[in-house]
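Some features that Swiss-Prot has for this protein:
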SIGNAL    1-36  signal peptide
ACT_SITE  89  active site, acyl-ester intermediate
BINDING   251, 252, 253  substrate binding site
């Protein structure tokens, strides 16, 4: 595939340039020898990690977008970080976070009523509460923990629709994500269509802003991360690639063209957390996704950041 060839060429160029520096040429004119060696070692490690992602793309016949931020060291891992992918249901954690930001804790307890006509495909929680309605807090939890699509739509409505959701992301510095549609149309993932797409870097940065920075108050951050820790749809994704004893809170997503995504906060024992976004797709509309791709990519990321 042309896509894979480009990635392989890029890796070859990367190694080639590093070889020049190893054999005597160095662009670090103003650095000490030790500084240059440190940068050289870091770049070589990055190339080796990228090669592993290239190999995963070949193994699973897929395209990957990866971005991770180690909060303690500020080290990042990036692979196709600025390429667009359909965000699919990963938006639900960001929409819930935006709803948390917009409303007081008391307001979250207000009951929202909806009708049978509002229900869309895959709404395992909201479909059980047509008669009683659900609180905004319960709706947010259903969207994150169970990826309930009607709950996702209600969150979007609370923000003023997809346009309002996009605006809420712009307020935290995200001018990349393009939100245009409701569930379930937003999962079409048509190649070249930028509607309802984002990048691994943008989604990871958004998640960091809502869960670890000061965008939300401490009590609201705790509510959000508790929902993520209880996600029922992510056991085979980033969580499966994490070392034993590392806690993961995530939000998964899936769509057409073999789209499979997961964005997460990972808490290693006794150290600062890691933010990870792994996005993927394949090349035909009815292609199936493989959860193992996300798990193996996560393993590469987290092993590199150990």
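Cβ coordinates come from backbone N, Cα and C, glycine included.
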A correct count of other C-beta atoms within 10 Å of the C-beta of residue 253 (substrate binding site) gives 26
In the chain carrying residue 251 (substrate binding site), residues 6 or more apart in sequence that have Cβ under 8 angstroms from it:
89, 90, 92, 93, 144, 147, 228, 231, 234, 262, 263, 264
Other than 251, 252, 253, which residues of the chain come within 8 Å of the substrate site, judged by Cβ distance to the Cβ centroid of those residues?
88, 89, 90, 92, 93, 147, 231, 233, 234, 237, 250, 254, 261, 262, 263
In DSSP terms, helix, strand or coil for residue 252 (substrate binding site)?
strand
According to DSSP, does residue 89 (active site, acyl-ester intermediate) fall in a helix, a strand, or coil?
helix
Give me the long-range Cβ neighbours of residue 252 (substrate binding site): same chain, 6+ apart, Cβ under 8 Å, in sequence order.
89, 90, 147, 231, 233, 234, 237, 260, 261, 262
